Amino acid sequence: MNKPILRVLRGEALPVPPVWLMRQAGRYLPEYREVRAKAGSFLGLATHPEWAAEVTLQPIRRFGMDAAILFSDILMLPWALGYGLHFAEGEGPVLPKLEEADIDRLDFSQLIPRIAPIMETVTRVREQLQQLHPETTLIGFAGAPFTVSCYMVDGGGAKEFPRTRHFAYTNPEAFDRLIARLTEATITYLSAQVEAGAEVLMLFDSWAGLLSPLSFARWVTAPARQITAALKARHPSVPVIGFPRLAGTLLQNYASETGVNAVGMDTSVDPAMARKMVPAEIALQGNLDPLALRAGGEAMRREVSSIRQAMAGHPHIFNLGHGIVPQTPPEHVAELLNLIRTI
């Protein structure tokens, strides 16, 4: 396949890097807000294949991104395991605070039927891309077990997830059990996405940087290695991108020990240093500050130029260091793509 992102994930450095953006389908787009209003709720949108496929494709139509990423959420996995999830307006995800007894109550029997609408979305998007945008790669994704566990144990978003970390330190065997169950479910979930049409998989470990090096090895690197190995055994041609956000120097361990094809860099990572830390064949993805994108203009141009120079000659997918913020003018995204493709 000659798709630019697949070429980079095979270890090829392209003169113009392919580009897609985390949260490229989202509230900054007026067409997204229209569909979201129709759906009435985030879950109503994420579990409606027609609408979810539509918002997945919106940034492809508008900007010509090199990849479409499934419109969903990292917490759809606990939802599919029967673990209560709702999105409170203005507050984000809310879940019951997990206790040890809840670990064995996670309902694997409902996983496949509950993810069926999400898989239908993947299939719809892949079919439309093949017809209308054949150079565009479809990315499926999941939250990594540690990050998903953070939301489950703390009961939603929390500053530095103190309850999760306390639970992990004081009851490591139980926490191991939770991570193991989520690892198993993640393999099933991501494998189903490939079977439905995903060409690349991404593992988001948004809170990996909260852990000590010892805990990082146990609850970030080891599960990522297990997930990647299982997926490559089932789907040898499907590349995996890992994103251990805020991992700092532990990015090196993650890149060399997990088997991923590419590593996502958050905004704090110096791309020139990242190149030295990862094996030459491992692609890097990132890492423009989303606030530089929001600002646009000269500030954005300086940052883009710096990243491009640092990554010249290395396999690179241009992206952000975190998701697009809702206040971003769509014109700035168009300006970014023009900038990347004309430098």
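Each residue, glycine too, has its Cβ placed from N, Cα and C.
Note that this is a predicted model, so its numbers are computed, not measured.
What Swiss-Prot says about this protein:
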type: BINDING; residues: Arg23, Gln24, Ala25, Gly26, Arg27, Asp73, Tyr151, Ser206, His322; note: substrate binding site
type: SITE; residues: Asp73; note: site 'Transition state stabilizer'
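Structure with Swiss-Prot features highlighted.
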residue : record                             : contacts (Cβ under 8 Å, 6+ apart)
Arg23   : substrate binding site             : Gly323, Ile324
Ala25   : substrate binding site             : Tyr32, Val55, Thr56, Gln58, Pro59, Ile69, Phe71
Arg27   : substrate binding site             : Arg33, Arg36, Pro326
Asp73   : site 'Transition state stabilizer' : Phe42, Ala46, Pro93
Tyr151  : substrate binding site             : Ile74, Leu75, Pro78, Pro93, Leu95, Gly157
His322  : substrate binding site             : Met22, Arg245, Asp266, Thr267, Pro290
Where Ala25 (substrate binding site) sits in the secondary structure, as DSSP reduces it to three classes: coil
For Tyr151 (substrate binding site): DSSP state (helix, strand, coil): helix
